[in-house]
Amino acid sequence: MTTVQTVSTQPYSDQKPGTSGLRKKVPTFQQPNYLQNFIQAIFDSLDGIQNQTLVVGGDGRYYNREAIQIILKMAAANGFGKVLVGQGGILSTPAASCVIRKNNAFGGIILSASHNPGGPKEDFGVKYNVSNGGPAPEKITSAIFDRTKTISEYKILDASDVDLDRIGTTQLGHTTVEVIDCVADYAAQMETLFDFAAIQDLLSRGNFRICIDSLHAVTGPYATAIFERRLNAPAGTVQNGVPLEDFGGGHPDPNLVYAKSLVDVMFKDDGPDFGAASDGDGDRNMILGRNFFVTPSDSLAILAANATLVPGYRNGLTGIARSMPTSQAPDRVAEKLGIECYETPTGWKFFGNLLDADKATLCGEESFGTGSNHIREKDGLWAVLFWLNILAVKKQSVEDIVKEHWATYGRNFYSRHDYEAVASGPATQMMDDLRSALGSMPGKTFGSYEVAYADDFSYTDPVDGSVASQQGIRIGFTDGSRIIFRLSGTGTEGATIRLYVERYESDASKHDQDTQAALADLIQLADEISHLKEITGRDQPTVIT
Ligand code: G6P
Ligand code: ZN
């Protein structure tokens, strides 16, 4: 016999979802009823969940399995008809999006703190995705937050744990829980988009080697199944492919600092021809050639420029979308293709309406996220397959493809400097000071740079008219260069200030300059305008990408 228990509880005041769901340290989630309150707040904020299907899975980090058992029993007590859960509690974020769409699910709960470290004292996260497979829009996340402030009880089924490792169905009261293969639907979709035969041919030529680094995070099983089994790449192509609860103690973040295991393999003269890494939950990607780093903004521009070489995009793109701090390289491709390039606030959720309305086909962010209308999340391995498909057709090196792109469109030198875990007070003060100085900036000159516009980015969604304001300080110069300041919405410790700097160079003879050198005067100027170093007490950023 299973019975529904109604448990009384007290609200917590800190359950406001950030850029991508609720992220906190594991001990915060382990407080009495903390997770239960948030899950009940999600269910209470949704209309018509009775007998519907819910998808549940996570990136395998510490506390994933415990959280899933609680969520399954709460989903059953709240009346869902069916819950699909990935085997072992695993679903990458893009795979969850794919499973939600394929099964016409009502929504999904994804357990991840993305690229943040995992472990008993590290990060955990809960994100709700809606029926299009994408992150809940702000009107839902704010309803959830409002509900967390008044919650007084939650419902949970008194039942034993579900065996998450065995594929098949279990009955939890009136609810059917189905443990599914976490890779199958996703891999099948990839085969419909890309020319697997051409990629297999490229990989079997023997002189083209690749290295895929899963950083001990969720893409391990996906990458092994796709690259080593379906595409016949040699065993060992996927490194760090076993997901660990603490990601082996590292940051599962695919950038030049944290994906050191991949950088070590790729930055040498006899290294592989192509390398890629993904993050904790598999939605981010970093693309490398031999001795060569592809900036995420350039990657989006290059995928867009070459999209018709790939079967799933053979008919061309309806539009491109990029987040505001992403470089303007994709805008140049869009202009040439005669399509729109939308500029949205940071956060994949802002792409959802554009994709649903078929206004954009490809989307991307400077934060190592790229994706398309095939799902409603960014998709790390999709980007890898897209690159490999282009490489298979063009038969050039990664470096040659990028340099040829710059020669055609010009190069947008681009870098992001992060000041992580700084005190919140001074960081907010810095943003406030910048905001008050914006009005007086246009027309001012700093050396050879003249300010064309200065604002706090605000976005009106072209589909539903919703407005998102205060999305980052933009200072644009008459030559197209930009300096942008934002506070991160994904950190769990203090504040993280992000400085984004961009400069356009049309002269191909200057494209080989080092990025930091090419941007040095703008970086200096950013400090003069913001007093970033003085305010944070740091003379160096924590991470430069
Ligand atoms: C997550 C979101 C992205 C966002 C990124 C950085 O990965 O899904 O859409 O770009 O976080 O956000 P932040 O607020 O930390 O700059
Ligand atoms: Zn992620």
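Placement of Cβ uses the backbone N, Cα and C atoms for every residue, glycine included.
All TrEMBL annotations are machine predictions without curation.
Listed in TrEMBL:
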COMPBIAS  1-18  compositional bias 'Polar residues'
REGION    1-25  region 'Disordered'
DOMAIN    15-154  domain 'Alpha-D-phosphohexomutase alpha/beta/alpha'
DOMAIN    185-288  domain 'Alpha-D-phosphohexomutase alpha/beta/alpha'
DOMAIN    297-409  domain 'Alpha-D-phosphohexomutase alpha/beta/alpha'
Chain residues outside the region 'Disordered' (1-25) and at least six past its termini with a C-beta under 8 angstroms from it: 31, 33-34, 36-38, 40-41, 76-77, 110, 112-114, 116, 121-128, 135, 141, 144-145, 148-159, 172-173, 346-348, 488-490, 492
For the compositional bias 'Polar residues' (1-18), the number of residues DSSP places in helix, strand and coil: 0 helix, 7 strand, 11 coil
Residue distribution over DSSP helix, strand and coil in the domain 'Alpha-D-phosphohexomutase alpha/beta/alpha' (185-288): 40 helix, 16 strand, 48 coil
Secondary structure content of the domain 'Alpha-D-phosphohexomutase alpha/beta/alpha' (297-409), with strand meaning DSSP E or B: 60 helix, 18 strand, 35 coil
